[in-house]
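*Asks:* Would you mind keeping the following structure in view while I ask a few things?
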Amino acid sequence: MIQTSDLVPVLPEIFIALAGLALLMLGVFRKEDSTKSVSVLVILAFGAAMVLVSSLGAERLTAFNGLFVADRFAGFAKGLVLVASAIALAMSLPYLEREKIGRFEYPVLVLFATLGMMMMISANDFIALYLGLELQSLSLYVLAAYNRDNAKATEAGLKYFVLGSLASGLLLYGISLLYGFAGTTSFEGLANLFAGGHEHPVKPNMGVIAGLVFVLAGLSFKVSAVPFHMWAPDVYEGAPTPVTSFFAVAPKIAALCLLTRVMTGPFADLVEQWRQVVTFIAIGSMFVGAFAAVVQTNIKRLMAYSSIGHVGFVLVGIAAGSTLGIQGVLIYLAIYLFMNVGVFAVVLSMRQKGRLVEGIDDLAGLSKTHPMMAFVMAVLMFSMAGVPPLAGFWGKFYVFMAAVEAGQFTLAIIGLLSSVVSAYYYLRIIKVMYFDEPVEAFDKPVGASMSLVMAVSTIVILAFTLIPAPLVTSAKAAAQVLFPAAG
Amino acid sequence: MFTALIFYMFAAIAVASGVMVISSRNPVHSVLWLILAFFNAAGLFLLLGAEFLAMVLVVVYVGAVAVLFLFVVMMLDINMVEMKEGFLQYLPTGALIGVVLLVELLAMFGGWAFAPDVEAMVKAPTPTLEQASNTVALGKLIYTNYVYLFQASGLVLLVAMIGTILLTHRKRTGVRKQVIADQVGRSRDSVELKKVQSGRGI
């Protein structure tokens, strides 16, 4: 039987789901266009969910017969996801209004995607994982094709849908192999089995490893890690820019946290088996992120490759497989969030005569026409490149330190090398902004929400070096719950 | 002996009608073969003692899904010959990839091993027939143990519905729709009744 008290850990999700249903009704039955009011209410709902998540406390709670888990790790990750989704939605509103494509389904879909992400983060069973992932992906497919009269957006949606379904198929096949071996899909059951909790210790056989690799492949697709990254540039470029800014942050954070939980939970004792796969994916992502981005001329495509590179760096932390590594992952993700929303706030402000432009050349001479915006972009680009006093450096520092501590020297060295290469294209943007002759100036004013996002992200990036403690300690506490044995 | 015969009958017809589904030229015939396949699958379920699943298969798949397919297929003007063009062209590559994958999977399953108490683990969530009937057991699993997954699937379907409406629904102008409220709200004066004599016209 399910008692009411069993529902406590799931309260944030239940709240979000009910809010989604209520807002859907509100949107359907109101005569006039309610995009704006529904969006504001969705952002408020995210805020309320954040309060609920933080009120759960530090204790590890499970619900629904262990299908769902709420712990510090989940709390930290859900906080990031909710912030990212709320900012992305706030940045979309002016765009939707200006382009006159606002429909109330947009914020509702963002809400359901976020719900899916929260379910992924808290999944404690492969079926729960799959359903959360599918709820998130399905909402994202629709959002990618949201601007349905635009051929590029439709193509992006279709491409994302077809490849995403294939990845889901791979994931499910892997899960079925694991179930065939173990007879259970629960994370705890699998972890016990591989830890040798039974009389006969279980040797991982071919089938299990194949299942593990299939699961990894499916999840790598969702985080757009090499070699499953092909969809990312096209989808990022084709989707409407606010949707891209949503894609680049929240789903990545959720999927990477999910990957972390799966690797350190059920497969904790198969670390020798998955480490080589994750290492390979990490190296590939860092290289492709660094080299393929050099030749890009479209800023959205550039951001796609940049995010592939960042996923590579995060995977370095996961490959370390230690508390330090996971702490690094969480710090990196938090910094990544603020860097990306800041850059996308700039990208969304790149409009000439009311038309959105996406070329890197369009940024030329920004320092003369919009000095503040150029400064924000410069800080964020330096941070992404990993230039020391800024937050981006510390993100890389933590993951590489974890890799070195785990004895993964090659990984750390390759990471540093690709980081140097990627610095080239980040610095190129700064060069274009500060040393090239100005072309046409961007429209003024950029709008209150954009300025606010730019300001907040820049302040966070600058301030992290001075006051790192809150983030570092909470990330550490969150990482420790995944390694109960280490204390 | 008798059960085995029945099993082979159901199984053979199910496989044969499955082949007919993909090979028949007329899409309407395909759907009809599909319905036959569903019926035989339901028969197989009955043989396994899963009477509830058998009934659900008939009610849901034959009663709703297949009939819906039939409507869609009849409404759409699909030219199967055109759609099947290029099928033969891709066949060799496709078959080759399929065979390679099959060999790989066989190699993998050759080294297959089960976890020690896999059988007990698989059976754990389901009570035996003495404890509860199939319907009760399924209801308990879906609506009590796995209610979270049940609700989550519901949300996935809801998103699918929102997505379909969002991407395809258009408000067209110049369409005459029936507005019942307007019809009911008409006053008496807006209608003029005339007595028409037979054979005269107005």
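Using N, Cα and C of the backbone, Cβ positions are placed for all residues, glycine too.
Okay, these came from TrEMBL:
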type	residues	note
TRANSMEM	A:6-26	transmembrane segment
TRANSMEM	A:38-56	transmembrane segment
TRANSMEM	A:76-96	transmembrane segment
TRANSMEM	A:103-121	transmembrane segment
DOMAIN	A:123-421	domain 'NADH:quinone oxidoreductase/Mrp antiporter transmembrane'
TRANSMEM	A:127-146	transmembrane segment
TRANSMEM	A:158-182	transmembrane segment
TRANSMEM	A:208-231	transmembrane segment
TRANSMEM	A:243-262	transmembrane segment
TRANSMEM	A:274-295	transmembrane segment
TRANSMEM	A:302-324	transmembrane segment
TRANSMEM	A:371-394	transmembrane segment
TRANSMEM	A:406-427	transmembrane segment
*Asks:* Between the transmembrane segment (A:103-121) and the transmembrane segment (A:6-26), are there at least three Cβ pairs closer than 8 Å, leaving out pairs fewer than 6 positions apart?
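*Replies:* Per Cβ check, the transmembrane segment (A:103-121) touches the transmembrane segment (A:6-26).
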*Asks:* What else in the chain is close to the transmembrane segment (A:158-182), if you only count residues 6 or more beyond its ends and a Cβ gap under 8 Å?
*Replies:* 126-127, 130, 133-134, 137, 140-141, 144-145, 189-190, 193, 205, 207-208, 210-219, 221-222, 228, 230-231, 234-235, 238
*Asks:* When you look at the transmembrane segment (A:302-324) alongside the transmembrane segment (A:76-96), do they share 3+ Cβ pairs under 8 Å, ignoring any pair fewer than 6 residues apart in sequence?
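*Replies:* The answer is no, given that the two segments have fewer than 3 Cβ pairs within the 8 Å cut-off.
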*Asks:* Residue list, the transmembrane segment (A:243-262) vs rest of chain: Cβ under 8 Å, 6 or more residues beyond ends.
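*Replies:* Residues 73, 77, 80-81, 84-85, 87-89, 91-92, 110, 113-114, 116-118, 120-121, 123, 129, 132-133, 136, 140, 143-144, 146, 187, 215-216, 219-220, 222-224, 235-237, 300, 303-304, 307, 311, 314, 318, 326, 329-330, 333, 336-337, 340-341, 344-345, 347-348, 482 contact the transmembrane segment (A:243-262) from elsewhere in the chain.
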